[in-house]
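Enquirer: Sending over a structure as structure tokens; questions will come in a sec.
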């Protein structure tokens, strides 16, 4: 039996695990198995809050909605291509294919809309759990220019596909209309997440160094955080239920917890709160925002070009900022170009967690690459829950007043020691 997929439900009270021989559902507080089905090779599973309704992908193109309490199938749908992801709330069911999104009324299972997208092989899509702010977010479809030509390296007869955009389209899933486009990153998107109220959007690009948070639906940038200086694949992002913290896991095997400041944003719409600065496993970076290639302005993205200007404008800004209070820096930022003023932004984690590496049992594979993970915050306690691709469920305590490194308090296994995650964590 191999693990195929793992995800938390919308309020993080349950954990669902899809395997090659059925699926399992666990409560998270306390951790205990709640339900198990031992039939079917389940590629993807999604729950609807704490109800008995689950959505299952049984074969690449076949979706089944089941009632686990009655142990019956409610409906079954077949799609033209592989189903990559499923999203649910109390009003809508979203099915993500590589180049289409199907939107259903979850009460009647009536197809409401079919949305064409740019190729989206990583199923980058988020649906707010909220019924009031029932927003869906996905990469803005790219339109190839009329004069676009296929690169020389492309095989004859193939259609060239441009990289995924760094812009996010906000779609009202009740009114069935696009309402905004958020210019999130210059690089292609890697992951997006909406909070429980549908009022905040977190975004990460494929570089994985900068995490941004925008208000929804108006798209104002509220916060910008730095995960690290070295590129990394972002695996999971999750707000806590009160939207005061954001957890982020990546291929560095460090989970970062970012604190959303209670005070107002700075003059350019970004957070002016500065949590303790930490950069785990990455060289120190004193240049902040402009150091990252993804966010560079002109040639300022190059570390060497910044060092050349040390002692001039860049050096003066760095030395001055060490002696200037946050309020003064915010006022000065209003007179500087955006790329320069954003160097004062905090962009560091408030707390962090280092994931342990477990010893694989018989048939385990230590060479399976980075330890992938899905993260969530407990609704009742200051704890971070992490499920890893080697089948472990961890609970860490964090200090909400001081931050710092989290402490491992509980550890469980969601599968046998020989099982590993072979398909994907929820992206």
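The backbone N, Cα and C atoms fix where each Cβ goes, and this holds for glycine too.
OK, Swiss-Prot features for this one:
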| type | residues | note |
| --- | --- | --- |
| COMPBIAS | 265-275 | compositional bias 'Low complexity' |
| REGION | 262-290 | region 'Disordered' |
| REPEAT | 1-36 | repeat 'WD 1' |
| REPEAT | 69-114 | repeat 'WD 2' |
| REPEAT | 184-224 | repeat 'WD 3' |
| REPEAT | 229-268 | repeat 'WD 4' |
| REPEAT | 308-354 | repeat 'WD 5' |
| REPEAT | 366-406 | repeat 'WD 6' |
| MOTIF | 225-229 | motif 'L/FRRG motif' |
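How about a rundown of where these features are and what they're close to?
Expert: When averaged over the repeat 'WD 1' (1-36), pLDDT in the model lands at 96.
Secondary structure counts, DSSP: the repeat 'WD 3' (184-224) has 0 helix, 22 strand, 19 coil.
The DSSP breakdown of the repeat 'WD 4' (229-268), given as helix, strand and coil counts, is 0 helix, 19 strand, 21 coil.
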